[in-house]
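Chemist: One structure, as structure tokens, below. Some questions next.
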Amino acid sequence: MGTHDMSPNASHSYIYRVLSDILEFPDNEQRMWWHSVAPMFAEMLRACGYDIHEQYKILGIWKKAVIPFLGCYPTNDGPRWLSILTRYGTPFELSLNCSHRLVRYTFEPINAATGTDKDPFNTQAIWESLSQLRRLNGDVDTELFNHFKANLTVDNAESAHLVESNLAGSKIRTQNKLALDLQNGSFVVKAYFYPTLKSAATGRSITDLMLSSVRQQVQKWSPTLAQPLSVLEEYIEARGPDSTASPRLLSCDLINPERARTKIYLLERQVSIEAMEDLWTLGGRRKSDSALAALDIIREIWSLIQLPPCLASYPSGYLPLGTVPDEQLPLMVNYTLRPDDPMPEPQVYFTTFGQNDLHVTNALTAFFERQGWTELAESYKENLRAYYPHADQETANYIHAYVSFSYRKGVSYMSVYLQTLETGDWPITYSPKRQYLCNEHPIHLKELAKACA
């Protein structure tokens, strides 16, 4: 076996190859989605220690219930729905919970009506997608989903109003997406809502829409959420009308509403350690020993990742596939409102998209070692090479989208959110990517030429 065959490569995953031999796809779009993403997905499951039965089950469910809702395979010269999920507008993303070695994925459900006159703002596809997931997991509860869906996304009349009045413009058109946490032989579903279009259609602010919908949730199902919600509202109001932080989206667990967590996400344009400290402490409101201990860890992560300080704005457009990013995105935070906690619990996001991936990898590896996550520290860099064996590992700056951190009961939680498209041997096996190759493409042309020789 040659040295090329011995190098890390997700396309060599045994489970991916077995399933590729036996699975059938109704069309070429779904087949391409499978071969583009499944190598990385299968390898990530293996690396995280999922047993072989779980790996087959997870990939089988993804093929059956998720791939059909990813829409046409993305190219630069074909029409497609652009999702806010990634800067390239692609509707699927894998992430890794580093502390628990758990895999999760997020996707924006898309169907044939998405973006057409029947559903110009992709309001409807998520219903069909959720129905599929509920058939596979009867524990999925949609009561809270129905509540936020009605309050934060446009209905048919509002959709028509947006079209007729041309109010959508360049605003975010993604309204909802789903995420699956893969654990205990099954999955837990979360839903995310972006109220930007609802705000445009109703004239109400995003902040008002989100907070009022949570107040209704408190009154109907979760009175114990009133206290953490009050603290968060006070913080947002205290930041003032000129604040660089603003509410962006909301998420909830699709479980019994009385036990479900709700998360409110803020975008922070000021990229600095001081801004992140303010987000973490809620402007000094979180003063517990645990919160302050975590603050030291956040400073440590900041010193390792070294995001360049700036005042950043989230771009209104999307990057063409294959573009090398040259941008710094804003920071982000979510505040979890729990029925058993009077204080909102923050999870901060280091926006690493556009930063050198080798530098980020080395920073994460150092942090893993300090946390005692030895196995992950030893394997993380090789795993990334396996996911993208034909990328220039020295110069790539598009693989790590976010690194998130939270801290609960003395335990650090970190997740990484990774670019998930055209993994493994895709660049040398399937032609759609080749037509976009240029000297600036993240795939190293010398390696590509060598592989194709």
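Placement of Cβ uses the backbone N, Cα and C atoms for every residue, glycine included.
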Chemist: Select one of Arg104, Arg134, Arg135: the residue that Swiss-Prot places in the substrate site alongside Lys190, Tyr192, Arg261, Lys263, Tyr265, Gln347, Tyr349.
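Modeler: Only hit among Arg104, Arg134, Arg135 in Swiss-Prot's substrate site, alongside Lys190, Tyr192, Arg261, Lys263, Tyr265, Gln347, Tyr349: Arg104.
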Chemist: Going by DSSP, give the three-state secondary structure for Tyr194 (L-tryptophan binding site).
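Modeler: SS state of Tyr194 (L-tryptophan binding site) = coil.
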Chemist: From the Cα of Glu93 (L-tryptophan binding site) across to the Cα of Arg104 (substrate binding site), what is the distance in angstrom?
Modeler: 9
Chemist: Max CA to CA distance in Å over the L-tryptophan-binding set Ile84, Leu85, Glu93, Tyr194, Arg248?
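Modeler: Farthest-apart Cα atoms in Ile84, Leu85, Glu93, Tyr194, Arg248 are separated by 19 Å.
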Chemist: Would you kindly give the Cα-Cα distance separating Arg248 (L-tryptophan binding site) and Tyr265 (substrate binding site), rounded to the nearest Å?
Modeler: 6
